[in-house]
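K.L.:
Attaching a single structure in structure tokens format; questions to follow.
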């Protein structure tokens, strides 16, 4: 895989790509490679450049021009810009004017802030969510039910495919028309065949004498009918092809938009989300959507047209008998309505359970070394089986409901046909109808009954898909306004006016001045999954709402989330009143015990999170005023366990700057002291490193990561424990590479090994989230405080 051009790939490759990206997204974000999503294959739907595109409009997903009208509305999300205010009407919502435009949101759960209004369309889980918030049933206080039907959603997201779907619909109508002709043609042939015999004439009921239909005429008519049926078969093939292509194009575009949405989320989202759930939405949910568009929706339209057309023929033949036939429809419709409500809830629950299964499998596979090292294969097998059994229960309930409804609907249809046969037999015996008429009518009745039964089956499939569609729409709707504005993919979500909202981007780059002024940072408790409730918590919160993660098993705090506001009584201060200044080209060392808040300093400088108090400035400008992606392009980051992608060594280094030449890549590798090793490999820079760099040692991966940052040539470099997991020889090589990296850059280094930071221009000592000491190595070693104690401990070990 080359990062110069990511080609389209099949579903398995898409899943592997997302898995790799989700594991290394901090490195991706730090390197500002969020724009590296699979490119759309160019076709008539995606070459248009123009104005007014929405999320599913034509054109390349990463590029579009800014339209004049700054308004975007999609799936209950209304975003406006200008002067005005936002409104949220419903059982749970609020609004404030801020500095933005207006939008209205009606729903059980809505929130408007800073001119943005979020109105969530809630279906199966609206009741659950509102009950958790003490809100009662799924209607809001004004009595309005917030629900967008699956058909409406399909029509909205499939809009760019209207040409192909129109072709499919026309072909479908023509093929159905041919099918409607079948009972009439068969009845006519049977009537004509009954008249053939030795006599050449026959007498009608009114005494008129006319010639009988000859066998040769019947044969000729048969060929005519055959030609009509061949045409119908061609139309059936056209219909199948058109809807299949529309489905494939749709799922490709949705996957690309989903990937863009995932890449554009703030880091706090990935603290909550799990890669298995995201993979499930990107693959399984979109596959279900494709199946619905290409097959279920086409069948639904076909059977609906058959029912309507067949019913019109039946009324034309005998309205009395047709009323008998249609007497069962109200009961079938009532049953279908009840089933649809139940199936939507069960389908949604089943999809969530499947996502949980995928998450467990993903975690175990990625941690297989540890699973086998602890001998926990049997434990993990039992855990996975337990979850599968729970998933099976949901699937069993859904299958039971579906089978009961389909069986009842089919029985009702054929019961109506039986009543028609009895009534027709009575009229035939009484001499009021001819046998050919009864034959044609019964054929039409069976035809309509079959279409009704099939329509109930397709309706069941559409109901199952509704849950998946909602899940997809929620993930696509997770773009907050600030993230969308900062993201290179923001044109997928909202088209904004010419007002510059992309943030500060100095033309001359960064000088490297970093200032922390009384910075505080805290955690908040959030869910660790991307269930519906977690998504709503994430989306309905301010983009800079504080949140922190507790491990679901140990209860220990995990990664921080961004935050300007804190939940009273539920926060834990990670940083408290931290102030320091890093002058341009100064090397700063951050030391202290584990959990002192050192790594959080780097996370804040990468704009992954925002402080809850105080300010951070770069070159005198508040960090929140920068375009976050531009800022990350100009900040280098080397982590303790660097992420390498399953591609060549050259492409992994080039990830720092995609337009770098081979000579520049090799020069960066020389600075990082990894060039000689690479050239000793059989394939040199084209050597594939394996998943997450599994074919390389820790020191080799670390030096490749350093080469990546060298190639990036950032003025600010952040390093988080770059040598902690290395042996002495590898540490020496990495240390030499780091010293080359320090030159003419502002560097902040987090390290437990004091040898790494001895030569730093300034050393900051942290303890319990506070900056307790600062100075050079010479100044701190004789102070008799925390630094000198740490130095004594390491010197004696």
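Glycine too: its Cβ is placed from the backbone N, Cα and C atoms.
All TrEMBL annotations are machine predictions without curation.
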K.L.:
Would you mind telling me which of 481-510, 511-540, 541-570, 571-600 TrEMBL tags as region 'Disordered'?
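P.N.:
Within the set 481-510, 511-540, 541-570, 571-600, TrEMBL attaches region 'Disordered' to 541-570.
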K.L.:
Quick one: which of 323-340, 341-358, 359-376 does TrEMBL have down as transmembrane segment?
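P.N.:
Range annotated as transmembrane segment by TrEMBL: 323-340.
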K.L.:
In TrEMBL, which of 280-302, 441-463, 602-624 is labelled transmembrane segment?
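P.N.:
Here TrEMBL associates transmembrane segment with the stretch 441-463.
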K.L.:
If you check TrEMBL, which stretch out of 378-403, 404-429, 638-663 is marked transmembrane segment?
P.N.:
404-429
K.L.:
So which range, 223-245, 246-268, 683-705, gets flagged transmembrane segment in TrEMBL?
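P.N.:
Per TrEMBL, the stretch marked transmembrane segment is 223-245.
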K.L.:
Which residues, given as numbers and ranges, are at least 6 beyond the ends of the transmembrane segment (404-429) yet have a Cβ under 8 Å from it?
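P.N.:
Residues 321, 324-328, 331-332, 335-336, 339, 435, 438, 441-442, 445-446, 448-450, 452-453, 456-457, 460 contact the transmembrane segment (404-429) from elsewhere in the chain.
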K.L.:
Calculate the per-residue pLDDT averaged over the domain 'ABC transporter' (558-793) and state the result as an integer.
P.N.:
83
